[in-house]
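K.L.:
Here it is, the structure in full.
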Amino acid sequence: MEGYHKPDQQKLQALKDTANRLRISSIQATTAAGSGHPTSCCSAAEIMAVLFFHTMRYKSQDPRNPHNDRFVLSKGHAAPILYAVWAEAGFLPEAELLNLRKISSDLDGHPVPKQAFTDVATGSLGQGLGAACGMAYTGKYFDKASYRVYCLLGDGELSEGSVWEAMAFASIYKLDNLVAILDINRLGQSDPAPLQHQMDIHQKRCEAFGWHAIIVDGHSVEELCKAFGQAKHQPTAIIAKTFKGRGITGVEDKESWHGKPLPKNMAEQIIQEIYSQIQSKKKILATPPQEDAPSVDIANIRMPSLPSYKVGDKIATRKAYGQALAKLGHASDRIIALDGDTKNSTFSEIFKKEHPDRFIECYIAEQNMVSIAVGCATRNRTVPFCSTFAAFFTRAFDQIRMAAISESNINLCGSHCGVSIGEDGPSQMALEDLAMFRSVPMSTVFYPSDGVATEKAVELAANTKGICFIRTSRPENAIIYNNNEDFQVGQAKVVLKSKDDQVTVIGAGVTLHEALAAAESLKKEKINIRVLDPFTIKPLDRKLILDSARATKGRILTVEDHYYEGGIGEAVSSAVVGEPGITVTHLAVNRVPRSGKPAELLKMFGIDKDAIAQAVKGLITKA
């Protein structure tokens, strides 16, 4: 067999001993914690032993070294055995394992990146393989390095569609540096898994998706060593037949034990039984990696030149996004773009044309696209920008919230926002996206209103930690800013003001331009308004909003192409709550819209220039 050298009996026994030590540690940790998933750990003990102490190449004292092989524990509830591995490797003190799930410990119930050996948070099932695909794509096509990527999945999560999106992606892009290990332990959380131990069906499914699929006895270290040696030339799925709770007498392969630690007396007895099978306490040292990953610096990536727009010219911010991203791509070869088969609408096709080797077509699989981006961003190897219609990011909200838990630095651009897209109708209109992205921890939400602001938003997003969302629009609107205008996160702009302003009007994107048009008509009636462009909806420029409100008799009017819930109006209301003498009035979309021309829809839903002018007059009259 090509490249496979069977380990000698001493090495095989050492791997068996390692697997049993991992079992013992998992049982001890979960019993001490009074919670956790020891049976899910025990089914994977031999897999983890062979992976980390025979197959993988890594520096055990430097888990995030860029040359290391990568590992993703997609079945994140088996975290105790991952922690046990790193204690076995000498990175964690063994005593720390007994602090599992304690508030004072970094060993959370599921893997999180405050642990140096965890690249992506897992635990919401079905997402690990997508992240692993992103790592493998980066290794093969961007780093062109020899590190390999391994992902351990449970059989229960194979019901998740996102797993099969990732399987398809790996096959399309020939990720021969990727190995998925399927821990087929038969039992789910509350019932047996749908296929139980029908290994041939698992194999046929993987093969149908273009993978090399190998069935093994998941408790045979020899079969596992052999299978990992065969993982070449195409993405490989090692389909391991295992038993949940392996090695735990009276519990192995029994239902109703998921997520239950062993009682102390029972744990002590089982640990003695397992310990008696260990022949040597000698530990296997990790094999170091081949050091061929390039040095990468993604800090302080700046546009090569200022924007080149002319005030008054018209451009849609979605197109300005594509132009800006392509331009930023010339500043760093680590800027990458991903799209969900909408590149001719989001205009990421401009990036593809100028940087074809750094564009990843993810097709219509938005959940996987976000996971791919998360994987690409790990260990600061790339700066990913994903784009699709903003409405379609709602499908990937779980992946986005897990990206935040992963402390991932990814940028998402959502186009076709609001009723202003027109005739395509409500299924295409993003009207919930601001609420969604504002709720994500440590997120930054950009809402640029012209081409200059959009270009600045792209540059800022590339250098901002966390999840960045850029909301772009379909209609063409006028350039209102000079090319040398300075933009910063959390810094709003006063677009129009006078000493006689009576109301502060806050709009963004399309509605900012409607507010400016309303100001023109109101001026003819000798009514002046102050118009603010927030630029970022999160964080919001509270100081400028308050200063403007106080200069306009405490009156604020927000207008947005978004539902009332969670958008600009609620963000502004939260910012000024408790401030005396300030009132906030909202104009927003109040029901599910319909098809129509953009101007007709803006008018129908009361967010056009006429509605703004009428609301301003109402506020003044009310006083």
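Backbone N, Cα and C define each Cβ position, glycine as well.
Taken from Swiss-Prot, the feature active site, proton donor applies to E366. The substrate binding site feature in Swiss-Prot is assigned to H37, H258, R318, S345, H416, D424, R474. Here Swiss-Prot flags S40, H77, G123, S124, L125, G156, N185, K244, H258, F392, Q428 as thiamine diphosphate binding site, drawing on similarity to another entry. Per Swiss-Prot, Mg(2+) binding site is recorded for D155, N185, L187, and the stated evidence type is similarity to another entry. Per Swiss-Prot, SUMO2 cross-link is recorded for K352. Residues annotated as N-acetylmethionine in Swiss-Prot, with similarity to another entry given as evidence: M1. Taken from Swiss-Prot, the feature N6-acetyllysine covers K6, K11, K144, K204, K232, K241, K260, K538, K603. Summarising the annotation, Swiss-Prot assigns phosphotyrosine to Y275 and lists similarity to another entry as the type of evidence.
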K.L.:
Using the Cβ centroid of D155, N185, L187 as the reference point for the Mg(2+) site, which residues of the same chain not in that list have Cβ within 8 Å?
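P.N.:
Sorted by sequence, the hits are S43, G154, G156, D183, I184, R186, G188, P192, A193, Q196, T242, K244.
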K.L.:
Is K241 (N6-acetyllysine) helix, strand or coil when read with DSSP?
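P.N.:
K241 (N6-acetyllysine) sits in a strand per DSSP.
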K.L.:
Among the binding-site residues N185, R318, R474, which ones place their C-alpha within 10 angstroms of the C-alpha of D155 (Mg(2+) binding site)?
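P.N.:
Passing the 10 Å Cα cut: N185.
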K.L.:
Tell me the coarse DSSP state (helix, strand, coil) of H416 (substrate binding site).
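P.N.:
Reduced to three states, the DSSP call for H416 (substrate binding site) is coil.
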K.L.:
Using Cβ atoms only, which residues of the same chain lie under 8 Å from K144 (N6-acetyllysine) while being at least 6 residues apart in sequence?
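P.N.:
When sequence neighbours closer than 6 are ignored, K144 (N6-acetyllysine) has P294 within Cβ distance under 8 Å.
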K.L.:
Within 10 Å of each Cβ, count the other Cβ atoms, then let me know which of the binding-site residues S40, N185, S345 comes out lowest.
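P.N.:
S345, out of the binding-site residues S40, N185, S345, has the fewest neighbouring Cβ atoms within 10 Å.
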K.L.:
Could you round the CA separation between L187 (Mg(2+) binding site) and K204 (N6-acetyllysine) to a whole angstrom and send it over?
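P.N.:
Roughly 20 Å, rounded to the nearest whole number.
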K.L.:
Most Cβ neighbours within 10 Å: which of the recorded positions K204, K232, K241, H258, R318 is it?
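P.N.:
Per the Cβ count within 10 Å, the most buried is R318.
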K.L.:
What recorded positions in the list S40, K232, Y275 lie within 10 angstroms of K6 (N6-acetyllysine), counting C-alpha atoms?
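P.N.:
The recorded positions passing the 10 Å Cα test: none.
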K.L.:
At the Cα level, what's the spacing in Å between the residue listed as 'active site, proton donor' and K538 (N6-acetyllysine), rounded?
P.N.:
23
K.L.:
Among all protein chains shown, how many Cβ atoms are found within 10 Å of the Cβ of H37 (substrate binding site), not counting that one?
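P.N.:
Here the count is 26.
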K.L.:
In whole Å, how far is H416 (substrate binding site) from Y275 (phosphotyrosine) when you measure between their Cα atoms?
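P.N.:
The Cα atom of Y275 (phosphotyrosine) is 61 Å away from the Cα atom of H416 (substrate binding site).
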K.L.:
In whole Å, how far does the CA atom of S345 (substrate binding site) lie from that of the residue listed as 'SUMO2 cross-link'?
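P.N.:
Here the two Cα atoms lie 13 Å apart.
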K.L.:
Check the Cα-Cα distances from R474 (substrate binding site) to the recorded positions S40, K232, K538 and tell me which is shortest.
P.N.:
K538
K.L.:
List, in sequence order, those recorded positions among K11, L125, K204, K352, D424, K603 whose Cα sits within 10 Å of the Cα of K260 (N6-acetyllysine).
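P.N.:
Within 10 Å of K260 (N6-acetyllysine): none of them.
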K.L.:
What Cα-Cα separation, expressed in whole Å, is found between H37 (substrate binding site) and L125 (thiamine diphosphate binding site)?
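P.N.:
That comes out at 15 Å between the alpha carbons.
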K.L.:
Hey, of the recorded positions listed (K6, K11, K260, K352), which one tops the CB count within 10 A?
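P.N.:
Selected residue: K352.
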